[in-house]
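Report on one structure; see the data block that follows.
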Amino acid sequence: MVGSRHPDQCAKRWHHSLDPNVKRGPWTMEEDSSLLEAVQKIGRDWKEIGRELFPSRSTTDIKNRYVILSRRRGPSPAIPENCSSIDIETHSSSLADSKPPIPAELLTPEVDFSIANTPCELDSSNLAPDTLSINMTLPSDLPSYLSLPLPDTAETDHALDESSTAWEIPDWTAFDNQCLFTPGASELEGSFTSRNHEEPPQPLPVPDIPGPSTLVLEDLRPETVNLVIDTLLRTNSKFGMRMYNTGS
């Protein structure tokens, strides 16, 4: 008669929903108590419990009722084999909540916080070179070229123009000692005042010699050479320079 259904489906449908002899009404408190006691004695053999105590109820109804009662009473210490997924989740969350708190000494290692109030003494020998403050004096014959002052064209209003500065090699064979005026390093340094005092520099004493002059400077420090170049630029002098190393 029902060709689209399997015989097992028809039997289950009849037994669980259509059989008038199967009780489908609400459970009473006496039935709930009897069901819980039967599970404690017999176990979760729903067919056996149904034959002995609830012949008018289906095994599926008995099982579902026990799951509902278990959820109301709270999770049992052990997870049932035939328990639903809802019961398993409830049981797991209850076990997680019932775990004792982990001692703090297991989470955080013991630390003596009094060390934070103790002055820290560093050994400078273990520090990196760039973290030390070294106060040392360089030899006088080894000047620091990075700290040498260069002529400030913004203050002197003179720019070093390559077209007006001829880097020529003079004819040393025509050198005349009588027209040579070479002031010493102390005279050059004494004729200038540091720019920190904001005083105008004094001109160098130049002999009154007509015609071109040749100036030879030997064994000068780099800062002295800078002072000479600055003076020539200030006076708008046309000059040629040749720097060479005579060797030691």
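Just so you know, glycine gets a Cβ as well, placed from its N, Cα and C.
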- Here Swiss-Prot annotates DNA-binding region, and of 46-70, 121-145, 171-195 the range meant is 46-70
- Message: I'd like to know the mean pLDDT over the DNA-binding region (46-70).
- Response: 87
- Message: Across the domain 'HTH myb-type' (19-74), what are the DSSP residue counts per state (helix, strand, coil)?
- Response: 35 helix, 0 strand, 21 coil
